[in-house]
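Visitor: Structure below; questions to follow.
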Amino acid sequence: MSQFMFENDLGKVLKLDMPITNAPMPRWQRKASSSSGSGSTSANTSLTPMKAGNKSLSTSKTPGKTPGKNTKAQNTPSKAGGDRYIPIRNKQQLEVASFLISKENAPCHITPTEKDHQKAWSMNLNGYDINEAKIVHLVGKPLNAPEVLYSQKTTPVSTKKTTRYMSSVPDKILDAPEIRNDFYLNLIDWSSQNHVAVALHNNVYLWNAATGDIVLLMQVESEEHISSVSWIKEGNFLAVGASDAKVQLWDVESQKRLRNMASHTSRVASLSWNNHVLSSGARSGHIHHHDVRVAEHHIATLSGHSQEVCGLKWSPDGKYLASGANDNLVYVWPNVQESRDSTPVHCFTQHQGAVKALAWCPWQTNVLASGGGTSDRHIRIWNVSSGSCLSSLDTESQVCSLVFAPNYKELVSGHGYAQNQLVLWKYPSMVKVAELRGHQGRVLNLALSPDGSTVVSAAADETLRFWKCCAVDPAKKERTATKSTSIIHQGIR
């Protein structure tokens, strides 16, 4: 019998939608009672806030509207308890509440093991630990919050997208008859004064990229051939290497030969300038330094390669000279011009084929890129400061030439069999950006225009193709280039 009485009392406590008989008097009734004590209305009169008589008896100055808002005043509910709202009530909640009330009065003699079992039972049955539950708690999931809490208009900088148009066909094609299909030779170069030097068998031609004019600069005897050409940084002197083991120096403005330097014993396949010092690589494997300002021009010899030196590049800061040869080796030499002998800083042996393609990164002067021949087909990026290989990429094709394009920080590679294509790689991720196809023979050499917008490729199909693949957006501010006077103009004799 006592159990039923307990449940009856518990039901009355939890049944909150009925009028509360023993609860304190509501606020509006207390106000009415206090005002009736000072007026003529009797204190035991039942008042409701909705009647007009109640308004005349109340002296409260509580505003009918919330200050600062234009909404209408909300009337007090006509029934006591009408403003109470219980969103959810289920049978399980009542049972848990009954258990919790009875547990408060019961003695607590629970072992840790029993407590763990009770917790596991409660988690399986109710979904929560009953020992930590409240007598009345909110159940159900809250409303999902919106995915975007705040919205903000995008700024012009964030909405601006970089657009780049790249044509898949060359901008210009020039014939190059009798160009030698020899992997080891370096037959084109582009000067800072916008002249392209091209070696066609035993002749050297100059093509003015601004006007389109073509000039025959020089030629050697018919049984010999031109094996390399290289412009000085200022663009007014051209070095020419030939199969007769001699290196000639030409003034292109006056079209006169200034020097004919003989120091090698075999053809000179590679040339590179470092201020007034011209470095030349020969089939013998030797590298010679020539100071073109003095009569005794041969100032140093670098001995390391055992076969023909077909790749030779000075770093942009002039600290290192990189050399590649048919012995599959890449040497990095220090800038020691006064000594006859020099020890290389690094010797890279990872390539499995001849290394002709060499390029220094213009914006990271300690980074060198090298490409291997048919037996290797890899492009490797080196850090010459630490001597480590930063990345290695299998191009699946002979790598004949490399050049960095600073406008978009890319590396351009020229390839041989089977596609004879140019490939643009994003540096340093080495992700392929684009392929440029059109040559019917392997690409022998690449050169970059002074503004960095165009790459010229010389191929075995006897054509020169100009690819405008790195042109800067015209909306951007044009870079200003300052002309510098030659440092050797007055010293050559």
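From the backbone N, Cα and C atoms, a Cβ is placed for every residue, glycine too.
So TrEMBL says this about it:
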| type | residues | note |
| --- | --- | --- |
| COMPBIAS | 32-46 | compositional bias 'Low complexity' |
| COMPBIAS | 58-72 | compositional bias 'Low complexity' |
| DOMAIN | 174-467 | domain 'CDC20/Fizzy WD40' |
| REGION | 24-84 | region 'Disordered' |
| REPEAT | 219-260 | repeat 'WD' |
| REPEAT | 302-333 | repeat 'WD' |
| REPEAT | 436-468 | repeat 'WD' |
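Please go over these features one by one and say how buried each is and what sits next to it.
Guide: Remote same-chain residues near the repeat 'WD' (219-260) are listed as 180, 185-193, 195, 197-204, 206, 266-273, 275, 278, 280, 282, 290, 292, 297, 484-489, 492 (criterion: CB distance under 8 Å, separation of at least six residues from the stretch ends).
Sequence-distant contacts of the repeat 'WD' (302-333), counting only residues of its own chain at least 6 positions beyond either end whose CB sits under 8 Å from a CB of the stretch, comprise 183-186, 266, 269-275, 279-289, 341-342, 344-349, 351-360, 362, 365-366, 368, 370, 372, 376, 382, 384.
With a cut-off of 8 Å between Cβ atoms, the residues of this chain six or more beyond the repeat 'WD' (436-468) that come close are 167-179, 181-183, 185-194, 196, 198, 209, 398, 400-407, 412-417, 419-424, 479, 481.
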